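Colleague: Here it is: the structure, laid out below.
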Amino acid sequence: MNTYLKLTIYTGILLLVPVYFWLVDYQWSLSQVGLITETMPMILLTWTGSPPYAIGTVVVLLASGLFLTRKYWDWRMVVAMCALSLGGTQAVKLTMKEVFQEPRPYVVALENGGYLEEYGYPPHSFYQQDTETQAKIVYHTAYNTDSQILTQYQSTELGYSFPSGHTIFAAAWLLVWVGLLRGAWGFQAALTVWAAAMAYTRVRLGMHYPVDLFVSILLAWLIHVYLFAKILPRLQKYFQAA
């Protein structure tokens, strides 16, 4: 199958996640938080894209991909593509977060709920507070044990919303291997489920809006189309000559 068609198909599959949230008109609120047995698995999954646990994810996915491509790609080229994939997507994400500075859904909810005023701070001033104050406010929005698990997690994720770093991280790993692998459909399917689940949890945990996911996935697609169209041929020539 054509590489660009594969990239587009798998991107389309991931885009079904934000489209689903739009179709059901999902609006996050702390009152919708389920039991610990529902929330904790989502937190554990999202940790696979969070430092320091993401380091383990990188090692596992890189080692797995290197093993699966060992017969037809130079391992140095594969490592270079993965590095450019991860580095490029994360650089774009970090830049856009600083440019747009969009508050996370849980931040909007606590600001609208008057929690800042309860602590003596001006309304809509969450991001003007230091991280210790932010974490304290978020943690104390919990109203029972189940919601406390979530607010404890949220208090460690105090950055901006747009775009989604976790989603673009997962999408990047999926797309780089979709482009490099020949076969290994089970591995590709597992990566697809993981990446889609990652995106899903980010909305359910109050970290992102569907548009954050949508744009992150499209950005990953654009970056990988460029990588495979322009960079991969140059890397092939370079490592063949080396």
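Each residue, glycine too, has its Cβ placed from N, Cα and C.
According to TrEMBL, the record shows the following:
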TRANSMEM  7-24  transmembrane segment
TRANSMEM  44-68  transmembrane segment
DOMAIN    79-228  domain 'Phosphatidic acid phosphatase type 2/haloperoxidase'
TRANSMEM  168-187  transmembrane segment
TRANSMEM  207-229  transmembrane segment
Colleague: Mind checking how the domain 'Phosphatidic acid phosphatase type 2/haloperoxidase' (79-228) divides into helix, strand and coil residues in DSSP?
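Modeller: The breakdown for the domain 'Phosphatidic acid phosphatase type 2/haloperoxidase' (79-228) reads 111 helix, 0 strand, 39 coil.
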Colleague: So which residues does the transmembrane segment (207-229) touch in its own chain, when a touch means Cβ under 8 Å and the partner is 6 or more beyond its ends?
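Modeller: Result: 3-4, 7-8, 11, 14-15, 17-19, 21-22, 26, 46, 81, 84-85, 88-89, 92-93, 102, 104-106, 154, 157, 161-168, 171-172, 175-176, 179, 199.
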Colleague: Restricting to the domain 'Phosphatidic acid phosphatase type 2/haloperoxidase' (79-228), report the mean pLDDT as a whole number.
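Modeller: Mean pLDDT across the domain 'Phosphatidic acid phosphatase type 2/haloperoxidase' (79-228) comes out at 94.
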Colleague: Checking distant contacts: for the transmembrane segment (44-68), what same-chain residues at least six beyond its ends satisfy Cβ-Cβ under 8 A?
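Modeller: Here the qualifying positions are 75, 78-79, 82, 86, 157, 165-166, 169-170, 173, 176-177, 180-181, 184, 187, 191, 194, 197-198, 201-202, 205, 207.
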